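Asker: Just passing along the structure, written as structure tokens.
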Amino acid sequence: MNTVLTAEMVGLDRIINTDPIAITFFIGYMAMFASAVFFFVERSSVEGKWKMSLLVSGLITGIAAVHYYYMRDFYLQTGESPTAFRYVDWTLTVPLMCVEFYLLTKPFGAKGGTLFKLIIASLVMLVTGYIGETSGIDNNVMWGIFSTIGYLYIVYEVFAGDVAKLAKQSDSPALGRAMFLLKIFITLGWSIYPIGYMVLPGNLLSGAFEVSSIDLFYNLADAINKIGFGLVIYYVAVTETARAKKNVAATV
Ligand SMILES: *C/C=C(C)/C=C/C=C(C)/C=C/C1=C(C)CCCC1(C)C
């Protein structure tokens, strides 16, 4: 006899039966996928050096789309938070966001060393965060603090370190505006993640929210940060492409 799987058996009914977390996994998947297609296709409309930046934006949202596909499934079938998938996703996409900063400031002399420092800081942030999420009630505050040190180092680099100094040398108003927006993403957008983390049992916000709401925080933050970040890069790429064309026209 054939066993027919029902929507209920695989948990799919929860998407339409208003499980808010299931819905955000579903929407997150579609939004990441659509963004990846958009950034890949738009590569053809920007000038040479910006193609790489849009490729990276497409990879960030594309890698996230694949992980959301699996995270959604995992959540629907187990009702649990897909922590491991989540951290694999971040471990790939956060360093790629560091690459975006590097590419933006490369024309003004960014060195591989700056990129290396940013990537090491993000790995410290994520590895300690993962240990914290899986270490249980007694230890997650301590690991959260270690993770926050990595995070604050990235904030420092972007506000006052190499990235900030190099970006200041640019005469492009578009790059100036983009750096301003990216700073907002790094400080406000990224701070949603540690707030989500604090709903873990034994942490500062446990009791104020249900533990399961951690995925609501993370899914919201991912949508804002991955797609928004990509759109800011897209904005600079398009504006700078138009400016370069105008300059060429002026010299002919
Ligand atoms: C696309 C994914 C992004 C931009 C993920 C960013 C993640 C963070 C900024 C996570 C930060 C954390 C802390 C600062 C402390 C608690 C543990 C983390 C890993 C949630």
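Backbone N, Cα and C atoms are what each Cβ position is placed from, and that goes for glycine too.
Copying in the features that TrEMBL gives for the protein in this structure:
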| type | residues | note |
| --- | --- | --- |
| TRANSMEM | 20-41 | transmembrane segment |
| TRANSMEM | 53-71 | transmembrane segment |
| TRANSMEM | 83-103 | transmembrane segment |
| TRANSMEM | 115-135 | transmembrane segment |
| TRANSMEM | 141-159 | transmembrane segment |
| TRANSMEM | 180-200 | transmembrane segment |
| TRANSMEM | 216-237 | transmembrane segment |
Asker: Are the transmembrane segment (216-237) and the transmembrane segment (115-135) close, by which I mean at least 3 Cβ pairs under 8 Å that are 6+ residues apart in sequence?
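Answerer: By the criterion, they do not touch.
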Asker: Given the transmembrane segment (53-71), which of the listed stretches 20-41, 83-103, 180-200 has the most Cβ pairs that are under 8 Å apart from it?
Answerer: 20-41
Asker: Let me spell it out: take the transmembrane segment (115-135), skip the flanking residues so only those 6+ beyond its ends count, and list any with a Cβ under 8 Å from a Cβ in it.
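Answerer: Sequence-distant neighbours of the transmembrane segment (115-135): 83, 87, 90-91, 94-95, 97-99, 101-102, 141-144, 146-151, 153-154, 157, 162-163, 197, 200.
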